[in-house]
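Right, one structure below, let's go through it.
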Amino acid sequence: MAVTINTLRDYKQKGEAFSVLTSYDATFAQIVSEAGVDVILIGDSLGMVLQGHDSTLPVTMDQMVYHVSSVAKGNRGSLIMADMPFMTYGTTEAALENAAELMRAGAHMVKLEGTDWMKDTIHALSERGVPVCAHLGLTPQFVNKFGGYKVQGRDEKHAELMIEHASELVAAGADAILLECVPAPLAARITQAVQAPVIGIGAGADTDGQVLVVHDMLGMVTGRKPRFVKDFLAESGSIKGAIEAYVAAVRDRSFPAEEHTFKA
Ligand code: KIV
């Protein structure tokens with residue numbers, strides 16, 4: 001049966017962890033979907049892993065639409081989540097127009113990076129039938145404001161602000177939250193605080209779901225390997241085996257382990 005936002009809500013209610021993995025083309029989408037990954041993310045990480053940029057900022061709507069439509073052709077029942085590229089949701093009007101393009105290309109949900117300033121936009125999208133995932137913590141589109149790729153929410157003031165923002169965005173209509181590079185105790189507090197499913201990357205084992213970039217979990221890392229990445233191909237010996245091992249490790253919460261987690 002196809003995965004929907006209701007499936008993710010059920011997982012949260014039952015306390016069962018679900019898996020999310022990026023894909024950017026039809027072949028990977030089919031393998032990932034058939035391996036039992038619940039959500040395929042067409043991340044704007046494609047600007048870095050496919051295009052070789054040093055950030056996600058150069059990714060365009062046309063490029064995202066191309067990759068979303070490729071993934072949709074290979075998908076076999078996973079929920080398709082598409083990133084809205086940098087500055088394509090700066091106003092509510094732009095967000096509605098651009099989200100519609102991604103949904104027409106085959107997305108079931110869009111992901112936006114930001115905090116409380118997105119409330120009205122999320123409300124407008126949600127009211128018009130577009131499920132939204134709000135990405136908080138280390139939001140890579142803000143790399144120039146953060147001055148680098150750094151763990152977020154380390155002190156209590158920022159941690160409380162992040163909890164407040166997550167709650168406000170869910171109240172505005174967000175159907176899921178994604179937390180990137182935040183200390184595990186904070187991610188656990190946010191997961192408890194909101195009713196919507198929470199997906200983590202570098203956020204510890206207590207979120208409702210886990211996400212990785214497919215290149216990273218296949219050991220295709222060109223620079224320094226981030227702490228939260230595990231190479232599943234090294235143990236499995238095949239791409240299909242690696243993805244199945246990831247799904248199983250997320251499900252039984254053996255991934256992420258302590259060594260993949262930021263404590264504070
Ligand atoms: O763009 C992406 O792939 C992402 C994940 C790292 C969560 O946003």
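Numbering starts at 1 and runs along the chain as displayed.
From the backbone N, Cα and C atoms, a Cβ is placed for every residue, glycine too.
Around Glu180 (active site, proton acceptor), the C-beta neighbours below 8 angstroms that are at least 6 residues distant in the chain are His135, Leu136, Gly137, Leu138, Thr139, Pro140, Gln152, Gly200, Ile201, Gly202, Ala203. The feature active site, proton acceptor is assigned by TrEMBL to Glu180.
When Cβ atoms from all protein chains are considered, those within 10 Å of Asp83 (Mg(2+) binding site) total 29, not counting its own. Residues or ranges marked as Mg(2+) binding site by TrEMBL: Asp44, Asp83, Glu113.
Among the features that TrEMBL reports, 3-methyl-2-oxobutanoate binding site is placed at Asp44, Ser45, Asp83, Lys111. Around the Cβ of Lys111 (3-methyl-2-oxobutanoate binding site), 23 further Cβ atoms fall within 10 Å across all displayed protein chains. The secondary structure of Lys111 (3-methyl-2-oxobutanoate binding site), as reduced to three states from DSSP, is extended strand.
When each of the binding-site residues Asp44, Ser45, Glu113 is scored by how many other Cβ atoms sit within 10 Å of its Cβ, Ser45 comes out lowest.
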